[in-house]
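A.B. asks: One structure, as structure tokens, below. Some questions next.
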Amino acid sequence: MAESNCSHVSEFSLTGFTENPLTQVILSLIFLVTILGNLGMIALIKASPQLHSPMYYFLGNLAFVDLCSSTVITPRMLVDFISEKKGITYAGCVAQVFIFDLFGMTECFLLAMMAYDRYVAICHPLVYPLVMSPKCCLQLVMGSYLVGLTNGIGQTISMSKLSFCGSSVINLFFCDISPLISLSTSDNTLSHVILRTSASLFGVSSSLVVLLSYVAIISTILSIKSAEGKHKAFSTCASHLTTVSVFYGASFFMYLKPSSDSLRKGDKWATVFYAVVTPMLNPLIYSLRNNEVKESL
């Protein structure tokens, strides 16, 4: 009975990330670059006819997802820099968990779809217009959002089953399902199962699509006789491969590492890299490494 009486928490306290003024300024600038970079990428793709292709259709959606995920997390963190009380309501915490997990998993599958797009373009160029038709691209993008929605709903249900009878202090700068599970005083077995199943089923399956696609791509590139042909084929994949490495590396560290009751400082930095820095890097990587984007600019 006591457990049920304390299951409804009206507010959580966030420990924040840093009190260092220089780091706070840097993170504020990163958020500004993230907003401008992703908005600019979306506008550039819309405005440039030469970017109206499946690859940039996926990239435009990736920029939109990064824009949404960063605006869910970073503004709250920036407000806490100048606020003495770093609190967030239970409803706000639920909203953060839902939206962040929705767009996080959507990004996983968008990156997988972009890898598949490069696979078809390089390994099967003759059937590329047929396979990657506008209808197929729309279905792949909608499927990515649907998987993300499923993940967001699953993690939100998981959070709703948790009771918080002791401390309501989240040792992080936003509400994430993993520290909430550790903070709960109720039986969190089901929540752990949902988290691990979601990370393993969705995350690993999407990463396998990326891995298998690039194994076939590299094999095809190595079979090209001319050095110029190899360079041209690899240059079309370099930006995406860099983005994939950054995103999956950070996300796997976050959600597949052994669980613990407290976050170390290194874990917080990994979270900042995953939730704040990565959305900024994606438009920069494609702007600096992609010739078509640079020409459009």
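Placement of Cβ uses the backbone N, Cα and C atoms for every residue, glycine included.
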A.B. asks: From the ranges 165-187, 234-256, pick the one that TrEMBL records as transmembrane segment.
C.D. replies: 234-256
A.B. asks: Kindly point out the range from 87-112, 113-138 that TrEMBL annotates with transmembrane segment.
C.D. replies: 87-112
